[in-house]
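What TrEMBL says about this protein:
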- HIS32: active site (ACT_SITE)
- GLU81: active site (ACT_SITE)
- HIS85: active site (ACT_SITE)
Amino acid sequence: WKKLYFAHHWPVTVCKMNANDCHDPPKYWTIHGLWPDRAEDCNRTWHFNVTEIKDLMSDMRHYWPDVLHSSLNRTQFWKHEWDKHGTCAATLEALNSQKKYFGKALELYQHVDLNGCLLKAGIKPSSSYYKMTAIKEALTSFYGVTPKIQCLPPEEGEKAQTIGQIEFCFTKELQLINCMAPKGESNPVQAHLKLGTEELSVCNDTLPTYYPSEVQ
């Protein structure tokens, strides 16, 4: 693999996407995962062990919660992220244990401070629409790189898409880089994140965009 996608999702949108027992989702962007491109399930014998991250537990529950399942004792989501992505990321020394992998993602979350950046740009959850280009420009000017922004397409009869996920890309040296692959280069990592029946896909620059403050 060549780069890492560091995905944040907007819990309110995630909750809207499928049947789940979401109660009162966090009103801040949370971590979805840290994903090497072009690699999944690299070591099926390296099993997730929650005791290795017990020191990180309170941060994990706060910044990397399982949004779809409100039980705090659930570790299924982290197990899935480790099995599928962490075992691949572990080829990097900085990420070569469960503690390092989850700990580094928490560090990157603080470093990126997506919640702070959006607030500084005056972009906050609202019942009115945003222009996708305005959100993109705010992020690009703040970070100096272009993240990948994913939305739920409009529902029938609606004209607006709903923002759901923002991914930042990092080099193997953990430096921010542009996410979007140059034209003609395919990008095999989850073009679509499927949750239930609805999918997130790259946002349309021309559609009005919802950034919802509560699950409708």
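The backbone N, Cα and C atoms fix where each Cβ goes, and this holds for glycine too.
For the active-site residues listed here (HIS32, HIS85), the lowest count of other CB atoms within 10 A around the CB belongs to HIS32. HIS85 (active site) sits 11 Å from HIS32 (active site), taking the C-alpha atoms as the reference points.
With a cut-off of 8 Å between CB atoms and residues at least 6 apart in sequence, the same chain places GLY33, LEU34 near GLU81 (active site), listed in sequence order.
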